[in-house]
Amino acid sequence: MFNNSTLPLPDKNRQNEIQQYIDDVNHFMAFIQGFICIFGVLGNLLALIVINRKSLKNTSSSVFITYMGIFDTAVLLLHAANLARLRGYPLLHCSLAYLTDMSTFCANWILVIITLERCVAVYSPFLAKRFCTIDSARYSIYILLASAIILFTAIFPFTHHIVTTPTNVKCSLRSSGGLIIRIYQPILFYAIPDLLLLSNLFTVAALCQRTHRLASTYVNETENSEIRVSDVNSNRKQRQLTIMLVTISLSFYLFTTPALVAFIAQQTMSKNRPVDQIKNTFLLLQISVVFLQLNNATNFIFYCFAGQRFRRATVQMFAEYSSQMQTFYHRYILCNRQYTPTPIFKFQSNAMPHTTATSRGSCSPNPHVYTQHPNHRHHNHRHQHQRTSTM
């Protein structure tokens, strides 16, 4: 992430003092980063399992979230491998640096692509039927991955090289590599995605206008015409998914802004700084690296916090696995072959048939449109009585 060798250390005693401080901070941060890697990988695996359940997987958004979880997991595993300090294996060390940059790039840009896709889906449902499909999502991922491989394969030889010395062989930055990294990483990894993620503002505005328009239509419609219930269901799903993705975008700003500030601050640092200032700078840089890890490790938490359908599917998944574990325990540990598991609670959205009546009663912004007034029912009954009496 950051190259410690760029710190100015003119004096031998001063260099030893700072190096000792760097080693102490690295050992302390290794525990924190290892903890984040373990729980981040578990969270991403849970997110992959939940998003690929039958109730959620047949959408373009599930494809993007699946690949984003894969690349987030790859970033965490590669970072955990970097914690092992594989300096004695230069080729492996260079490969880890290459794969870490490429995986981070893909994870960040998948979030940008899914944000732009949501903007198109909310603004133009007609274009969404053509472009916001599962096949289009997969093609977008393949194009992004191919572009990332070409880009980083072209850049990496200009930033890293293997140095052979009489004592060892190591992978290190070139003399101009640090400057190149400080230019393209902030721009490609953070600055451009930050700007493109602002499209969430237009998505939220368009969704609010669409919801207001549907609510006004329900109020103004006469009794002889009906509103398509599918529009209401589509708007509700779009709103839930948009809330979840906007939350993920806000977490991206929260966790990556410190790293972006740290990259910019490194350009303005003077070479002759006090020792305490160098120590504080290094500590802040390491804290920003922890924040970058949290960006790849906390998506499952935000999915559960902001995604109603995702949270519901997560609870149902744990209920099913708990029932299976109880069945295994009673039948194969306690040898109770007659054990019958308790029926799993089925959520209303999965158990209730999607009929017109149930959709109207649960999804309408103005439910009074679909409930018949008592006087109206009495009028219909009296009218029917008059018809039968005249026959």
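Please read every residue number as a count from 1 along the shown chain.
From the backbone N, Cα and C atoms, a Cβ is placed for every residue, glycine too.
Taken from TrEMBL, the feature transmembrane segment covers 30-51 (among others).
According to TrEMBL, the domain 'G-protein coupled receptors family 1 profile' annotation covers 43-303.
The annotation transmembrane segment is assigned in TrEMBL to 63-82 (among others).
Residues or ranges marked as transmembrane segment by TrEMBL: 102-127 (among others).
Long-range Cβ contacts of the transmembrane segment (139-163) within its own chain (Cβ-Cβ under 8 Å, at least 6 residues beyond either end) map to 63-64, 67, 90-91, 94, 97-98, 101-102, 105-106, 109-110, 113, 169-174, 176-177, 180-181, 184. Per TrEMBL, the feature transmembrane segment maps to 139-163 (among others).
Taken from TrEMBL, the feature transmembrane segment applies to 183-208 (among others).
Per TrEMBL, transmembrane segment is recorded for 243-265 (among others).
Under the heading transmembrane segment, TrEMBL lists 285-306 (among others).
If you look up TrEMBL, you'll see 356-391 marked as region 'Disordered'.
The compositional bias 'Polar residues' annotation in TrEMBL covers 356-365.
The compositional bias 'Basic residues' annotation in TrEMBL covers 374-391.
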Segment-level pLDDT (mean, integer) for the domain 'G-protein coupled receptors family 1 profile' (43-303) = 82
Message = If you count every Cβ pair below 8 Å, which range out of 30-51, 63-82, 102-127, 285-306 shares the most with the transmembrane segment (183-208)?
response = 102-127
